[in-house]
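Asker: Submitted below is the structure of interest, expressed as structure tokens.
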């Protein structure tokens, strides 16, 4: 165990060094921001769409990371919150003529309520029961979207209007790329601040030792519920922008596979660590693009990769320093 | 059709469905019993069982025909092959993880499930595969109720397998070892029980039962595909929880209860067949919230 860690710290030492030294850290951040700003001009239209998708996954993975990485709860139905956000915006703008920016808070509230509904009664359960219940909940949401009139049944909703901002309509692929850049940056900053907050420390404590945490006066159900709600809000914001970006949503966008992909993004890079989760989101989106020649086998390669990572590097590819200990 | 006919018909449907659920639920509950792991890949073993059974039947149907005798031979073959696969999965993926945190082993199980699904997807191309059994549709009437021979054979076979399992677990020395391991693994080790072998045999039996269900389901419904294990895995887990996870009679009872609940649930006005799956997940969540120990389970503390 310890020998492994020595090797790990040798391998990752230089990388974590960049994150610790404040000057190097800011240089890296500025470099990444500049790269994000000029990427559409360098890589062209197709790559911009893929990068937009990767940024969407960054937001989703950071949201799920709050639940799985911070609070240590396995959620296998995270796509449900993504769906709630997308459908709420779709229904409110299409059927009720609401402006996107007015519909967005409703989407967040709806997802938070969904988080309470699923979390409230189930957070007291054993961790593996919780995993299955969230899976069942994800499927209930998808089946409901497929069966209900208001969600457009199996064909879903289409013709969702693209939003206006300061008299400018967000319309082209590049516009949406920049919108998702902003979203991803907000998501990263919020996640970093959450991790360092009082609540973040409570999650850490509950994750490591639930009973000790409770003995120290932390209400574990309340703390876990907070993780659920925050994760749900992240998912709903991603879903809302996903809906206006594509203009059409259908139940199959929110399947179990979607939940698993988001979960893979969280685990591959390094659960609980923001740089790791971002890396994971990019691997999940760019990896299949790069492996496209393999056809249907690419998912198999991915699944085997996930298995190998769990067996040999259970804390992820880039776990950060505290996780390696 | 009058009301009693509907009830009788749904009773038959529920029993058939419940037999499949029960067979798969048994594996869940047995594996949970010995290593306290929810084997997410269990539904996929059912799926692999369907495919192996199909391959075996295709190979032998020229000699023995595609009716039940052929299906039984194919089923035995699938049970042995998938049983071995289950043992391999346990040794390769779960065994090294037993001391790891719960979250890690759950994700490992999920990864195994994805590997199995995508391996079969890669091999079959993802289409529904016609399961060319030749079962016929004969049957007999009881009043206005028509029961297929197939349904009889199916429920009978499932019952036979379950009785055999129950006898094995309660009447043999090895079964006693299995029960002991599910109570206290470390103590068993001290008492000279070969725990790894007991775990391996449990995986073999559990996987073989899922494969039996997979082959019979393929032959009965006439088609198989790579994703067919997902939903039944969830349902079987529900059945295991209804009966009380860790309890073998509970899994049988839970399977039948869930099958009947689903069959009758779809008859309630307002809950059409398109809501069938929502209905059973709602049942799952209700049971977990209201009575997490299930019908026959014992209360249990979370491992720390």
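Cβ coordinates come from backbone N, Cα and C, glycine included.
Whatever TrEMBL says is automated annotation, not expert-curated.
Below are the features listed in TrEMBL for this protein:
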type: TRANSMEM; residues: A:24-43; note: transmembrane segment
type: TRANSMEM; residues: A:50-70; note: transmembrane segment
type: TRANSMEM; residues: A:76-94; note: transmembrane segment
type: TRANSMEM; residues: A:101-120; note: transmembrane segment
type: TRANSMEM; residues: A:176-195; note: transmembrane segment
type: TRANSMEM; residues: A:225-249; note: transmembrane segment
type: TRANSMEM; residues: A:261-287; note: transmembrane segment
type: TRANSMEM; residues: A:299-318; note: transmembrane segment
Asker: Are the transmembrane segment (A:176-195) and the transmembrane segment (A:261-287) near each other by the rule of at least 3 C-beta pairs under 8 angstroms (pairs 6 or more apart)?
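Answerer: Output yes: the transmembrane segment (A:261-287) sits against the transmembrane segment (A:176-195).
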Asker: Cβ pairs under 8 Å only, please: of the recorded stretches A:24-43, A:50-70, A:176-195, A:225-249, which one is richest in them relative to the transmembrane segment (A:101-120)?
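Answerer: Most Cβ pairs under 8 Å with the transmembrane segment (A:101-120) come from A:225-249.
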Asker: Where, among A:50-70, A:76-94, A:225-249, A:299-318, do we find the most CB pairs under 8 A to the transmembrane segment (A:176-195)?
Answerer: A:50-70
Asker: Give the one range among A:50-70, A:225-249, A:299-318 whose Cβ atoms make the most pairs under 8 Å with those of the transmembrane segment (A:76-94).
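Answerer: Comparing A:50-70, A:225-249, A:299-318: A:225-249 has the most Cβ pairs near the transmembrane segment (A:76-94).
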Asker: Which sequence positions outside the transmembrane segment (A:299-318), separated from its termini by at least 6 residues, show Cβ-Cβ distances below 8 Å to it?
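Answerer: The answer is 12, 15, 264, 267-271, 273, 275-276, 279-280, 283, 287-288, 291, 324.
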